[in-house]
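Here is what TrEMBL says about this protein:
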DOMAIN    28-219  domain 'ABC transmembrane type-1'
TRANSMEM  24-49  transmembrane segment
TRANSMEM  70-87  transmembrane segment
TRANSMEM  99-116  transmembrane segment
TRANSMEM  168-185  transmembrane segment
TRANSMEM  197-218  transmembrane segment
Amino acid sequence: MTVLTTSPYAWENWVSYFKDFPTFFQGFLFTLAISVGAFIMAMFLGIVFGSLSSSKNKVLKIIARVYVEYYQNTPLLVQFMIVYYGLPLISNYVLMPSIYWTAVICVGVYHGAYIAEVIRAGIEAVPTGQTEAALSQGFTQAETMRIIILPQAIPTILPPLTNQVVNLIKNTATVAIISGADIMFMTKSWSAMNANYIPAFAGAAFLYFIMCFPVASWGRRIEEKNKSAYSH
């Protein structure tokens, strides 16, 4: 019995965790809120810059590439430091985003660069003849992209897009560095306060899993449908 009560896996540790589970659930809801907000921003930026990357206009293409390359080659943690600590200093404390909006902006803009590449690949998978035919029928470039190209690109885009959504959800954990009350921050704070690490981090892993697994499973089903359609 001594082993059971002193082990990090002891039943008493799990009882303590479940007693305080409402605290972790609050972190779960905050993580979910960040994920939704960041996903909306990332999708908007991904569509815009993915379309620009496929543009024939060199200036627009360069702008898109600068955005994509910068965010793909710098750590997300750096973006949090710049926005949360640097922006108030640069603006003489006029711009002071909250922890929530810092997370939404940083995670959204960061993953927007990756989603832009997914969108670009999907657009380029559509035969160029589709664009030429649409333009010859009087469609503008924007109308061609919105009505003709993007709908056809969706089956190609969705599987890698779901991977990016899963990565986005997991990367919201970076908000803990600025004391955002997400799953990871609640887990670190509670486990340090109670010297009870195994249940806390196992619980955190489970909470991330129940957010990510349905998205990943849906992406795999779409990918299998695409493979089945192409094989016939």
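Cβ atoms here come from the backbone N, Cα and C positions, even for glycine.
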Checklist line | Long-range neighbours of the transmembrane segment (70-87), counting only residues six or more past its ends (CB under 8 A) | finding: 95-97, 99, 102-103, 105-107, 109-110, 112-114, 117, 171, 174-175, 177-178
Check: the transmembrane segment (197-218) vs the transmembrane segment (24-49): three or more C-beta pairs under 8 Å (separation of 6 or more)?
Finding: yes
